[in-house]
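Trainee: Let me begin by handing over the structure; questions about it come next.
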Amino acid sequence: MRHVSCVVSSCPGLRLMGCSKWRAALNLGHLRVQSKLSVFFTMIILFTYLFYCLNGYCDSLPRPVYDQQSNHQNKITLNDGASQQEKITHNASQVFREQMSDFSDGSSDNISIANTFGSKKFPQAIIIGVKKGGTRALLEFLRIHPDVRAVGSEPHFFDRFYDKGLDWYRNLMPRTLEGQITMEKTPSYFITKEAPRRVFSMSRHTKLIVVVRDPVTRAVSDYTQTLTKSPGLPSFQNLAFRNATTGLIDTTWSAVRIGIYAKHLENWLRFFPLSRLLFVSGERLVTDPAGEMGRVQDFLGLKRVVTDKHFYFNQTKGFPCLKKPEGSSRPRCLGKSKGRPHPQIPSEVLHRLRDFYRPFNLKFYQMTGHNFGWD
């Protein structure tokens, strides 16, 4: 007050206002300054917040506990550095999903509950063939393994959609953690001329699996599948022979052409050494699924998790099925399209077809170093 009185007495204009009016004016000035400062600092805080959000730092701000946990799971997407506990959680989720799902021809990708874990990679292993050889059974058996992540449907990238580019292809793959294998299967790759070069261009280290079956039985199975879609199809013998009288085989018919395994294998061996290929017996996959799965797991560098304890033979379907998992109401078998009864083919037709395949089979045995016993 002494200071205010001094100021008032020294200024005639202020003397007329009096001390009370001076105080009111002074307080009003302070309020205006404080208001401007508040707005100024608020704007600074707001712009700072926006700057950090745009640069991705807002995730560090406190959130509700549930939101933090959800965000933590979504952020564990690095290929390297995932903790062991995270991997255990992921694997447990995958096994749960695998055990509770049923087999089907068009089964979807094996996306586990923790489907944001890991990263998408190009497949380290591909089931490249052959059609009606047992590729679906092999893939479904492999998907039991916690370290195998596979696309359920057939991508057909290296034969139909190669022009879409490798980024498109990789985006189709499921997420994997370190130590897990990404896989896909497209049986038509084996007979596609351009496929070996294209796969090699992606990675020369890709492991290739070919499921082969007696080419005569395979041709009949192929025909049976086509017949269900096109009931008006000509008879098997009419399609198999160019000239029924001479017995000349029509190698342009895909059901026949696919079974000339030696010819298709030569194309792949131009780009990949034999050590990068594994040949799985379609017959043994039925009679001894655990034994054949042991070979596959060894080839992929996996621990032998899928064993005989997982299988039982379904007499009705004529195929092995997976035993009922604990907590599940029914066993898992391949879809209705598997195990169809074949039409009756004249024995003379089958005999001629077997004679046609014999030299190709022998060459295939020699190339692979394995006698599949088809003759």
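Quick reminder: no glycine exception, Cβ is built from N, Cα and C everywhere.
Features from TrEMBL:
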- 37-57: transmembrane segment (TRANSMEM)
- 123-358: domain 'Sulfotransferase' (DOMAIN)
- Lys132: active site, for sulfotransferase activity (ACT_SITE)
- Lys132, Gly133, Gly134, Thr135, Arg136, Arg213, Ser221, Lys338, Gly339, Arg340, Pro341, His342: 3'-phosphoadenylyl sulfate binding site (BINDING)
- Cys321-Cys333: disulfide bond (DISULFID)
Trainee: Sort the recorded positions Cys321, Cys333, Pro341 by C-alpha distance from Lys132 (active site, for sulfotransferase activity) and give me just the closest.
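Mentor: Ranked by Cα distance from Lys132 (active site, for sulfotransferase activity), first place goes to Pro341.
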Trainee: Measuring Cα to Cα, how many Å separate Pro341 (3'-phosphoadenylyl sulfate binding site) from Cys333 (disulfide bond)?
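Mentor: Spelling it out, the Cα of Pro341 (3'-phosphoadenylyl sulfate binding site) and the Cα of Cys333 (disulfide bond) are 17 Å apart.
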Trainee: Excluding near sequence neighbours, so keeping only residues 6 or more apart in the same chain, what lies with its CB under 8 A of Ser221 (3'-phosphoadenylyl sulfate binding site)?
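Mentor: Listed in sequence order: Lys132, Arg213, Arg340, His342.
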Trainee: How many Å lie between the Cα of Cys321 (disulfide bond) and the Cα of Arg136 (3'-phosphoadenylyl sulfate binding site)?
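Mentor: Approximately 12 Å lies between the Cα of Cys321 (disulfide bond) and that of Arg136 (3'-phosphoadenylyl sulfate binding site).
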Trainee: Can you tell me the mean pLDDT for the domain 'Sulfotransferase' (123-358)?
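Mentor: Value for the domain 'Sulfotransferase' (123-358), mean pLDDT as a whole number: 93.
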Trainee: Can you tell me how many other Cβ atoms are located within 10 Å of the Cβ belonging to Lys132 (active site, for sulfotransferase activity)?
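Mentor: Its Cβ shell of radius 10 Å holds 23 other Cβ atoms.
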Trainee: In whole Å, how far does the CA atom of Gly134 (3'-phosphoadenylyl sulfate binding site) lie from that of Cys333 (disulfide bond)?
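Mentor: So the Cα of Cys333 (disulfide bond) lies 13 Å away from that of Gly134 (3'-phosphoadenylyl sulfate binding site).
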Trainee: What Cα-Cα separation, expressed in whole Å, is found between Cys333 (disulfide bond) and Arg136 (3'-phosphoadenylyl sulfate binding site)?
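Mentor: Cα-Cα distance, Cys333 (disulfide bond) to Arg136 (3'-phosphoadenylyl sulfate binding site): 11 Å.
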Trainee: Just counting, how many other CB atoms are there within 10 A of the CB of Gly134 (3'-phosphoadenylyl sulfate binding site)?
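Mentor: By my count, 27.
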